[in-house]
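So that you can see what the record holds, here are the features copied from Swiss-Prot:
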- 9-31: transmembrane segment (TRANSMEM)
- 46-64: transmembrane segment (TRANSMEM)
- 85-107: transmembrane segment (TRANSMEM)
- 127-149: transmembrane segment (TRANSMEM)
- 156-178: transmembrane segment (TRANSMEM)
- 209-228: transmembrane segment (TRANSMEM)
- 241-263: transmembrane segment (TRANSMEM)
- 293-315: transmembrane segment (TRANSMEM)
- 335-357: transmembrane segment (TRANSMEM)
- 367-389: transmembrane segment (TRANSMEM)
- 415-435: transmembrane segment (TRANSMEM)
- 458-477: transmembrane segment (TRANSMEM)
Amino acid sequence: MLLKKRSPTSILGTLALTGIVISSMIGGGIFSLPQNMVASASAGAVMLAWMLSGIGIFFIANTFKTLSIIRPDLKAGIYTYSREGFGPYVGFTIAWGYWLCQIFGNVDYAVITMDALNYFFPPYFAGGNTIPAILLGSLLIWIFNYIVLRGIRQASFVNIIGAVCTLIPLLLFILITARFFKFSIFKTDFWGTAPQHTLGSIGSQLKSTMLVTLWAFIGIEGAVVISGRAANLSSVGKATILGFSGCLLIYVLLSLLPFGSLFQYQLAKIADPSTAGVLNILVGKWGEVLMNTGLLIAVLTSWLSWTILASEIPYAAAKNGTFPECFAIENSKHAPSFSLFMTSGLMQITMLLVYFSSNAWNTMLEITGVMVLPAYLTSSLFLVKFSLSKKYPKQAAIKARIAMITSLLGSLYSLWLIYAGGLQHLFMVAILLALGIPFYVDSGIRHKQEKTFLNRKEILKMTIVALAALLAIFLFSANKIHL
């Protein structure tokens, strides 16, 4: 029997789940926010961008919270919501795409970690793709593999410590920039329209800034993905909202406070990680060292979180036959051992791509970043569908009308995110998703679920994805679209 009874060691509380959400969202990119946000935008545009993004992501976060309350039977969130709402193939596709996204994302963390180490040990890890960097990055892959194999609860405890250590330098940055904040500097050219430093229209500034905020909340689904290991399913919704609110507040303060101590054109010239550059100007070398240390801790912590999430989705999909049954194997610590080894093994292989072709790797990262977005859309659409059905519980704390409005707005924002990701990337996503079709068909046959997995509706869905992939191959080969 592959599926074992749950052990208390697998149970996670609100604090552990919130730690997963925060560390999943806060990666190394947050330490570059000041420069990234102001490169072509004023303080006013940055403020508007965070407000709009915050509202949009709130609807997605609230969708996850609502679903965890009204459908507590659906574990592993984004996968089971998609399967329940739109059939086994859509569920498989979401799981497959999310899994690939996590694998490539974790290898990116390896690259960023090595590049961050280069600040302390130049030039051995420059660019994150030298031989020493590949060797140490590979070692870290298997160290994280070992930590998660020791049990999800133990790994989440390590993750909480890492999240706290990540937040400390960020909070110090906020306190220091608040100390040096001058409103007279902050309000100078608030909308970026001064002739000597014109940044274009508010619309163009907003567009460039929104593309940065677009990726800041990837990982908000963390608690939902591992909801099957939650001590109380109400903790899943609480952790999602707490993580979202905390990260949004940090993002806003981190982006806006530097406008009160340095002018926009000064901030735009600071090299990444720009938090280090800002503190170097304000307080000296120790501030730069602090931020680079924080960057290193943040990336390692986020890497651990994504390792947990990457192994959990195939495990959950295997439990009901969508992925091969071997992915459901657990070890004595109730960790998804086979899924974890397979994930780490693919990450190890992918590390070679980083060494041999950094350009190809950067392109792949842009593509896989888009692959997580359909999961937000299908989850939101599932709540729309369920809130309009007679199955919606009448005594639910969240009324059906509120759930429908929230999920509809979440769906619209998810569509915007997918559109903003770029058409060329969507076509490449279609190719990667089509690669999973043989595995889906094989799972259906092995589990003797042909009537469910391979009926006309599911075959039609597979055909649409396959045709989209063929169209993408044609357009790329004919140079009609480019990455």
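Residue positions begin at 1 at the first shown residue.
Every residue, even glycine, has its Cβ placed from backbone N, Cα and C.
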How about long-range neighbours of the transmembrane segment (85-107): same chain, 6 or more residues beyond its ends, C-beta under 8 Å?
78-79, 137, 141, 303, 306-307, 309-310, 313-314, 316-317, 322-323, 343, 346-347, 350-351, 353-354, 361, 364-365, 368-369, 371-372, 374-375, 378, 381-382, 385-386, 429, 432-433, 436, 439-440, 443-444, 449, 452-453, 457-458, 461-462, 465
Of the listed stretches (9-31, 46-64, 127-149, 335-357), which one yields the highest count of Cβ-Cβ distances below 8 Å with the transmembrane segment (156-178)?
9-31
Other same-chain positions with a Cβ less than 8 Å from the transmembrane segment (293-315) and lying at least 6 residues past its termini are 20, 23-24, 26-28, 30-31, 76, 78-79, 95, 98-99, 102-103, 105-106, 109-110, 112-113, 116-117, 140, 144-145, 147-148, 152, 155-156, 158-159, 162-163, 165-166, 168-170, 219, 222, 225-226, 228-229, 273, 275-276, 323, 327-328, 330, 335-336, 339-340, 342-344
If I count Cβ-Cβ pairs under 8 A between the transmembrane segment (46-64) and each of 241-263, 415-435, 458-477, which range comes out on top?
241-263
Residues of the parent chain within Cβ reach of the transmembrane segment (458-477), under 8 Å, 6 or more residues beyond its termini
87-90, 93, 427-428, 430-431, 433-434, 437, 440-441, 452, 483
Short question: which residues 6 or more past the ends of the transmembrane segment (241-263) have a Cβ under 8 Å from it?
14, 18, 20-22, 25-26, 30, 33-34, 37-38, 43, 46-47, 50, 54, 57-58, 61-62, 65, 167, 170, 173-174, 177-178, 180-183, 185-186, 188-189, 213, 216-217, 220, 222-223, 275, 278, 281-282
Spatial neighbours of the transmembrane segment (335-357) not adjacent in sequence (6+ beyond its ends, CB under 8 Å) are 99, 102-104, 106-107, 110-111, 128-129, 131, 134, 137-138, 141-142, 144-145, 148-152, 155, 307, 310-312, 314-315, 318, 326-329, 364
